[in-house]
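Asks: I'd like to ask you about the structure that follows.
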Amino acid sequence: LPLLLKATLLQLASGSHHPFYNGFYYNHIMNDQGNGQDKVDYFNGAKLVVETSKDPVYSYNGANVTLPCHYRYEPDQGAKRKIRIKWSKLRDDYTKEQDVMVAIGKTYMAFGDFKGRAHIHQASRHEASLVISDVHLKDDGKYRCEVIDGLEDESDVVDLRLQGIVFPYQPPRGQYRLNFHEAEQVCQDQGAILANFNQLFQAWSEGLDWCNAGWLADGTVQYPIRLPRKPCGGLHLAPGIRSYGPRHRHLHRFDAFCFSSALKGEVFYLDRLAGMTLEEAKQSCQDAGAEIARVGQLYSAWKFLGLDRCDAGWLADGSVRYPIATPRANCGPAEPGVRSFGFPSKGRFGVFCYTER
């Protein structure tokens, strides 16, 4: 056994040993010269330190964002070294990572939905920051910056949070009609995604109170309560997020909590003296060079652009709603919010349209 251990250590110290495997195979093609040569010092006695932002980085849908990451050696290394940088997106439970990109020198490769949107920003010698262009709603979450130098492998995590709004959603056919996959789809149809727990908690801390249970992105079913009451878990429970825990994604049916971010465009209102049917409303938006707004777009315009209109209007899902930023007489409750008339089968209303800037 001692001889075997000694032989193993000698092999690790040998310059002919293959590059260290760390969840992604870095082959010899990925170097600056592309000549198949990749000289690596596997241990040099210096400690590798990787640091990212301790505070969350905030962005919004459609923006460009930089996730900072820097590394250094203790003691400092004078010579420039070729290192490997790997960025991954973490799940909330840290059980699985999604590859975002890997870089060696000036060569890099992005993966999956990040292709064409991710690259390394290296304004300084020991920088490994990640730039994400055209941020998507599902980009929200934690990212690991990993720096690999031979056998040295260190990482740190940075939190990307999208500025957005959580809204509960029921389909036209009524309460508790969606399994998990249908809930994902209805949120997507409304320009949103299923909210995660952190987003729901943030919405609760800002005042969201909703007694109907809804799906979240992790497959759990929860609902936020600010004012305890008998039909919503009972008077004896403190305010907070009530949880049913994980539910069967095909068999169980609830509502959905959707998350939408700030808009790249604008929402505006159109009306006719006699109002419009839903089909007439869609055509009016098209005639104005726009499209009928989706529910997530109306919520975002209300939240981030202060949209305030005391006139009910059609939306793309067939619902009729109106946003109130400044509560006043004859415009619903005393709190700001998006009011809903449900899904009328007939009637004539104005319409909310959306156009890209």
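Even glycines carry a Cβ here, placed using N, Cα and C.
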Asks: With reference to TrEMBL, which of the candidate residues Cys211, Cys258 participates in the disulphide bond with Cys232?
Replies: Cys211
Asks: Have a look around Cys211 (disulfide bond) and count the other CB atoms within 10 A of its CB, chains all included.
Replies: 14
Asks: If you count other CB atoms within 10 A of each CB, which of Cys232, Cys310, Cys331 wins among these disulfide-bonded residues?
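Replies: Of Cys232, Cys310, Cys331, the one with the most crowded Cβ is Cys232.
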Asks: Rounded to the nearest angstrom, how far is the Cα of Cys331 (disulfide bond) from the Cα of Cys211 (disulfide bond)?
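Replies: Distance between the two Cα atoms comes out at 23 Å.
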Asks: Rounded to a whole angstrom, what is the C-alpha distance between Cys232 (disulfide bond) and Cys331 (disulfide bond)?
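Replies: About 27 Å separates the two Cα atoms.
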Asks: Can you tell me how the residues of the domain 'Ig-like' (46-158) break down into helix, strand and coil by DSSP?
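Replies: Counting residues per DSSP class in the domain 'Ig-like' (46-158), I get 6 helix, 62 strand, 45 coil.
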